[in-house]
């Protein structure tokens with residue numbers, strides 16, 4: 001309801017007032033070298049206000065009109081908070097300010113968080129989540145169809161929370177580069193950064209599961225520019241966590257670890273920038289006016305502050321000494337981050353220099369699902385460089401293989417004095433077995449999506465798998481020794497560390513096998529003649545497709561409707577086991593197409609296939625999700641044709657594509673072990689309270 005005499009909704013006035021009070025309070029706190037609860041309370045109040053507006057369909061706000069609709073369930077309306085640019089900036093500024101208040105006993109940490117939160121809040125005010133539409137709309141546009149998923153409630157907030165926690169050590173790290181002791185930095189890394197790393201793993205795991213069942217991805221990872229940037233953040237965070245053992249809080253931390261924290265903090269706004277940048281082809285995208293410039297300023301500001309701190313240091317200090325194995329591990333993670341970031345930089349340079357390219361899988365995948373006039377349009381729109389993931393993999397695989405060999409050494413050296421000799425023997429044996437027996441090359445059938453390029457990496461992949469076995473054995477032995485020596489006390493810290501590393505190794509094994517030995521087959525069948533009849537897929541499966549149930553549902557426009565088909569599939573294996581799955585295909589959506597310039601920035605997770613934001617289709621429908629059958633030995637995807645199958649009359653030939661990903665269960669099991677181990681480590685850390693040991 002508008003405020004009398006102002007023509008502005010009360011929600012807009014209250015929301016803007018809360019944001020302005022927060023901005024002034026944060027700025028005054030910096031000036032007075034403190035932080036109060038006022039900005040924290042105001043920012044959380046602003047979030048509650050925006051969530052209430054989303055929940056109660058207050059479409060007089062641009063943000064609510066753009067991302068919500070009356071037909072959405074309540075949980076999805078609330079999840080729209082992080083569905084757009086404005087809500088994301090509000091959430092980030094709130095989280096950062098809250099962390100700054102929580103760590104107020106450490107001045108360098110507090111100041112770092114205040115400055116970054118202040119910058120985010122300025123961006124939030126600029127884009128304004130409480131801006132009014134100027135009209136009293138009765139219905140909103142709703143979410144992108146690809147975001148209407150339970151994972152929308154988990155994946156984005158987990159990543160944003162991870163960014164906030166991983167950002168925390170930057171102030172103390174910059175202070176450390178200026179010669180300060182490592183007390184504040186250690187508290188930030190052992191506390192918030194460890195939580196952030198666990199949240200990042202949760203975000204990556206949920207994102208992989210979501211991607212595997214979404215049309216635009218179709219696989220758990222494909223080195224999209226945003227995924228590559230997130231991997232850079234994760235690698236730098238992993239490096240600094242491996243280096244925090246054996247540090248003296250009264251001495252400065254090694255420069256390598258401090259720079260890892262600084263570069264991790266710099267990579268976070270750069271990752272957020274890449275989401276907002278349209279230079280490279282990507283399946284993550286904002287369109288319209290975005291905060292790209294703000295993220296660039298944040299990244300540059302942190303780098304300049306770190307360089308100033310390093311070169312303005314008055315005297316040389318002696319840093320804490322570390323074990324050589326930990327230093328090497330930090331350097332390996334640093335090198336992996338550099339490889340991923342370098343691949344991104346190379347793609348940006350080539351795109352701006354208009355270099356020719358041979359490998360464009362994302363563009364080819366888009367064009368394979370279209371035709372007619374639409375083909376030419378999309379060929380022009382996606383005539384962009386993308387990250388060549390085989391270049392990234394070539395850079396990362398050797399580093400990962402060496403890191404696995406070192407992991408085995410690090411764990412087995414507590415059990416025997418011959419750890420180095422055993423590691424050398426394991427390395428040579430794995431090298432010989434991998435290169436001679438070539439297990440992957442002998443198992444591949446040549447029908448996978450990336451077979452032609454993967455074959456060039458077989459020698460490294462075979463050795464990688466052999467060294468994974470060595471690392472698994474060493475980790476299991478270490479966990480057994482910890483249990484034998486300490487009993488149940490080993491579960492407080494030692495065994496969880498082993499679980500995290502064991503999970504990471506199993507993830508590498510599962511990801512390597514699934515992405516290398518994947519296969520696909522095409523099956524032609526007639527509909528409606530074969531509804532209810534068994535269709536054989538290779539030697540493992542038969543599937544039965546029931547006639548679809550057609551569903552008319554409201555799609556966000558008065559008088560409009562979306563036409564969907566809900567089909568039931570029954571899978572039968574060769575050993576007699578049966579399983580039922582359901583699939584949904586969206587065939588018509590009457591919502592208007594938007595270019596993103598009228599209402600500011602719009603968040604669209606999959607730019608290609610959303611009717612409202614990306615394009616109009618030549619044909620009436622598309623497959624939103626494949627049918628997925630998960631098993632212990634393999635996961636299957638069943639892709640149906642995009643056009644509606646006939647329900648009666650003369651049968652037509654239909655093409656069904658089935659893709660098989662072997663040993664995905666190892667990948668998911670590894671991620672679960674990582675999350676369980678990280679949770680146990682964090683729970684044990686809650687019992688240890690760390691107090692400031694020196695004033696800064």
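Every residue gets a Cβ built from N, Cα and C, even glycine.
Nobody curates TrEMBL annotations by hand; they come from automatic prediction.
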TrEMBL annotation of transmembrane segment - which of the ranges 43-66, 355-378 it falls on: 43-66
Range among 68-85, 86-103 that TrEMBL annotates as transmembrane segment: 86-103
Per-residue pLDDT averaged over the domain 'Cytochrome c assembly protein' (87-276), given as an integer: 89
Outside the transmembrane segment (323-349), six or more residues from its ends: residues with CB under 8 Å to it: 223, 225, 228-229, 231-232, 235-236, 238-240, 242-243, 245-246, 254, 256-257, 260, 263, 267, 274, 279-280, 385-388, 391-392, 395-396, 399-400, 402-403, 406, 409-410
Residues of the parent chain within Cβ reach of the transmembrane segment (12-31), under 8 Å, 6 or more residues beyond its termini: 3, 6, 38-39, 42-43, 45-46, 49-50, 60-61, 90, 93, 97, 111, 114-115, 117-118, 121-122, 124-125, 128-132
Best-contacting stretch, by C-beta pairs under 8 Å, relative to the transmembrane segment (666-686) and drawn from 391-412, 457-482, 494-517: 494-517
